[in-house]
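Right, one structure below, let's go through it.
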Amino acid sequence: MVCSPVLLGIVILSVFSGLSRADRAMPKLADRKLCADEECSHPISMAVALQDYVAPDCRFLTIYRGQVVYVFSKLKGRGRLFWGGSVQGDYYGDLAAHLGYFPSSIVREDLTLKPGKVDMKTDEWDFYCQ
């Protein structure tokens, strides 16, 4: 089978343009955040979702009512209504934990694990879509 250079070029461009759309920096929700440690690697608290929330884009988490949410950061300033965290997949791990943001109003914090007192700047990786 002979493939024309134009067709080959279109195929290559479509593959690479799809990758660039998936991996990209998104607009920052806030300039500062509160974390439990300097790396934001320790959860601040555990919370339970009070209602479903469907993620509007790749920066956010889709959360279902009753799910346990691990809160890793709390945005400050213009993004203060959003927290960052993760929800676990099912018990057997079919779904990997995914980090993202969600409205703080849809969860109830049930257990504080470590106070979120470390005030730090957000960076482009905090809002990067994979």
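Note: Cβ is positioned from N, Cα and C throughout, glycine not excepted.
Taken from Swiss-Prot as is:
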DISULFID  Cys35-Cys40  disulfide bond
DISULFID  Cys58-Cys129  disulfide bond
DOMAIN    42-112  domain 'SH3'
SIGNAL    1-22  signal peptide
Quiz item: Counting every protein chain present, what is the number of Cβ atoms, excluding its own, within 10 Å of the Cβ of Cys58 (disulfide bond)?
Solution: 15
Quiz item: Taking the Cα atoms as reference points, how far is Cys35 (disulfide bond) from Cys129 (disulfide bond) in Å?
Solution: 21
Practice problem: Using C-alpha atoms only, work out the spacing between Cys40 (disulfide bond) and Cys129 (disulfide bond) and round it to an integer in Å. | Solution: 18
Practice problem: Tally the residues of the domain 'SH3' (42-112) by DSSP class, grouping H, G and I as helix, E and B as strand, and everything else as coil. | Solution: 6 helix, 34 strand, 31 coil
Quiz item: Among the disulfide-bonded residues listed here, Cys35, Cys40, Cys129, whose Cβ has the fewest other Cβ atoms inside 10 Å?
Solution: Cys129
Practice problem: With H, G and I counted as helix, E and B as strand and the rest as coil, say where DSSP puts Cys40 (disulfide bond). | Solution: coil
Quiz item: In this predicted model, what is the average pLDDT of the domain 'SH3' (42-112)?
Solution: 90
